[in-house]
Every structure is written in structure tokens, then in C-alpha cells.
């Protein structure tokens, strides 16, 4: 048996230079430091007669590349193969039950290792510094992953933790900088401090539903982690648990959390959103450094444990608060018996948006919010809103997608309210004392809806007929009947009798004649020519244009007839009469008794000559017409 003396502290075969060594079958154990520091030999065969390998038996055998371990070995001592920096692979026989601390630590070129189901115990630091190890499967027989077992395994990309594991100790995966994802099974009850610290490529981690605490530094500097959900089983998030997770954008705090310790999320420079499910008052345990240097802008409440709203750190950072309290949450329903309304949010100095998805029987209280340029979205029915809920608030947009009617003048009493949107199923045209400007479907709360009160959007709605009051383009500045503005009558005076465009049958406000009809003048309200929904209106416009052409043609024909009639009248009646007057000569006026007497012939002549004194023959023609 190759064992040192009781007092010996030196290796039995120290500084062995032989390239290969075979241990004889008579050997049953390899003792303490037997081949310690044998840096030259490259291979070793351990026979089936050997049952145990002692502490540091092969430590520092830096050229050793091949090891054959017999099937009778049951345990490896501490540091048995530590610092064997040239070993690339090891197969552990099914006879082994225990691998002790540091057994393979520092084997930097080890890329694969097979651990059989016979192994029930893996010691701490067992594979520490195995920087070439890329993957490992932990057998179902292992119940504990001890401290620093894979510390510094920087090439490890995947690992499977079996359902048999109940605890993960401190620094178990510290510095596994290539590990991208890991699933902690429900069998795990806790994991210690720094368990996943410096896992810089870890982007996804699922924490089991039975973990009761997250240790300090557990995920410190996991700089690729983007989101984390703390399961409902967790009660404590220890100090610096997620310290400097620089890409973490959102977290969900589970229902049972009662304590969050200092710097838990400090220096998470991208953390903007927190979802709170806990019903416990955790503000007393939170110090100001818990979220230090976190640009949090959004709080989402899925619980009635609303005391978290009083946390001072949030007051000048949060811009959006959302409430979504599930009706099926029994804990929430118990809490609902204790409170009747949401708390006021007036201490949030930069808050500008509130979304309420579900608050069950809670109401919105007086002085709920204050500030300017608010957007409020309520996606479901709520019990009531206090008439003075928004009295110190100017609202850009208020959206209510519930169907139950809301009483009180809560919008009218606000400092201002620019836009009011409801569901298409909301029966009234007013809400909160304000007229509804748009209605939209519940499925798409962010899209602008239709304004039931705006003219010009539905061609069948009242108020869209261009002849309706308020839309007559004959208003000052818009009358196409002004001289030179009617494209169908260039150079004509529409003020003459028979040509007034406001007379029946010639009204330019009829469909098709008004150049300001919807679809022709994009500056008119409600006449967006790019809207495909107005195809019916466009068809009406085309029909109107055809009618306008016909009417214009008729007017032109009438003008031609009038001119012809005037020419006829002149040549057939007026010109012959003038010739007769020349033959008769000038007659003397007869004056009797101080009175001018006019002969019948002069009266007739005077009547006949009158048209020649008119300055505008067209005027006479029009009168005759």
C-alpha cells in the first residue's frame, strides 16, 4: 500500500520524472501527496485494487494528460487532482460516491467530465478554476451544490441542476462568465451569497417557486440580465443581491416579500420598471440606497399592498403608475376589506400618466393627482371617481373603456381637460361633466377613435350636408359666387337677375358645384382626403361634378338664346323705327297754358328711343329674358 509514514509531510514519489507510471495491483490506496508535484509524467493507470485516493495525491502534476481510474475507487480526497493543468477529460467510475473539496480545482484545460449517478456528494471548490469546462451534468443523486464548486469556470455555457438539489451554497457559480441561462428547480429552497455573482453573460434565469430567500450578492454584476421575477415564495431579498446589474430593465417583486435589504438593486442603471405583488408593508425595511442610481419611471401595482407608494426615493422619478389588482387574488380581497380607495399620488412630482386596469371595489379619492399634462387611462369599470379627484390637474387625455356610467363632474372640475375618449359601448355623450371627443373599441386603447360630435367624418351623419347651417361656403371669404371665383361662369356678373347662384336650381352649394365640397378643399374640417373610409363621399362628389357640368351647360345655352333674342330685337324693331323718325323730321313742342304738351308721335318716339340711351344692352336683354 502506497502510504506515507504517520509523521511524513513529503510525497512518497515526489519529483517523479518518468513519462508514465502504472501502479501495481497490490496497491489498495494512494495516500496523502503520493505524487505531489510530479510535473513531468503524462499518464497514470490506477488499478481496480485501489479503493481510495488520498488528499493531494496528484496535486501539481502539471503535465498529466491521461488518467485511468479503476472501478473500485469510492472517494477522492481533497485536492486529489488539483492543479493538474494539462488534463482535458476525466471519467469517474460508477463506484465513486464522494468527491471532496478542491478535488479537480485548477484543472484549467479540463473540458468535460462525467459524474455518475453513484456520486451523492460534491465538495466545495471541487471544480474551481476549471476555466476550460464548457458543460456539466449534475446527477440526480446530488442534493447539495456546495460553495464555489464551479467558481471561475469561465467557459461553462450550460449546466443542468436536477430536481434533487435543495440548496445552492455561496459562490457556487461565481464568475461563470459564459453562462447564458440557468433554471433553478422548485426543489431548491435557498441559495447563498454570491451564488451567481459575475455571471456577466447570464441573460435569463428562472428561480424556483419554493426559494424562500435570495442571498446577498447573489446576482451581483450579472451585467447582461435584463429582467427578473422574484417568485411568490421569497420573503427576503438580501443586501446587494442584484447590485450593478447594469442592463436590468424590469423586476417583479413577489407576493410574500417582507424585506429588501440595502443596495439590493443599487446601480442598476437601466432599471425603469417595478411590478409589485407583495401585500406586505415593506417600506420600513427599505433604505434609500436599495434603488440607488436606478432611473425608475414606472410602478405597476398588482396588489393592494399600496404602502410601497410612500417610498421617498420614487417621488421625483416616477412618471407612470399602473394599477392592476386581480379579482382572483384572495390576499388582495382580504386587503380590500381594510381600504376603500386608492391612496393619493400627489407626492409624485413628475408623474404624468396613470393607468387603471383593475381596482375591484376601490374608488379614486379626492385630490388623487396633481400636476400638468396628465394622461389617464381606465380600461375597465370602476366604482366611482370623486368630483374633486383631478381638481389640481390639467389633463391632456382621459380615456375610459368601461361601460358603467360614471357620475360627478370630475373632469369639469379639473384645471383643464383637452381630450375625452370612451368605449364605443359607453352610452352617453358626456362623462365627468365633459363632452366626449372620441369613442374607440376596448381592444385598442391607444388608437384614436371617432368623434361622435365632429362633423365631416360620416357622410350619413347630420351636420355633414354642405347645405347645413355652419357649413355654407357662402360665408364671407368663402363664397364661390363672388365675381371671378365661379370656375363655370368666367366674366359673368352673378348679381344680374336670373344668374344668382343662390336661386333655386343654380345653388353652387348643391353637391358637385361647390369647390369647397368635402374632398376638394383639404383645409375644411373633417375632410381628410387621405381617408379611404370616405369612398362613398367621393362618389357623391363625382356625381355632383357631373351635375355641375350639366347645369353650367344649361346656363350657357340660356345666355346664347338671350343674346340672339337681343340681336333680333335690335334689327327687327329698333333700327326700322329710327329710319321712320328721320323721315318725319323734328316736331315742335306745343306749349299751352304753361304746360308742355307732347304729341302721341313724340311719346312713341321717346319710348322707342329709350333703349339707345342705355349704357348696357345686356341689361335690357336680360330684362327681356
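A Cβ is built for glycine as well, from the same backbone N, Cα and C atoms used for every other residue.
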Check: According to Swiss-Prot, N-linked glycosylation site sits on which of 15, 593?
Finding: 15
Check: According to Swiss-Prot, which stretch among 526-548, 549-571 corresponds to the feature transmembrane segment?
Finding: 549-571
Next item on the list: Write down the single range among 381-429, 577-625 that appears in Swiss-Prot as region 'Disordered'.
Entry: 577-625
Check: What is the number of residues in the repeat 'LRR 7' (200-221) that are helix, strand and coil, as DSSP sees it?
Finding: 0 helix, 5 strand, 17 coil
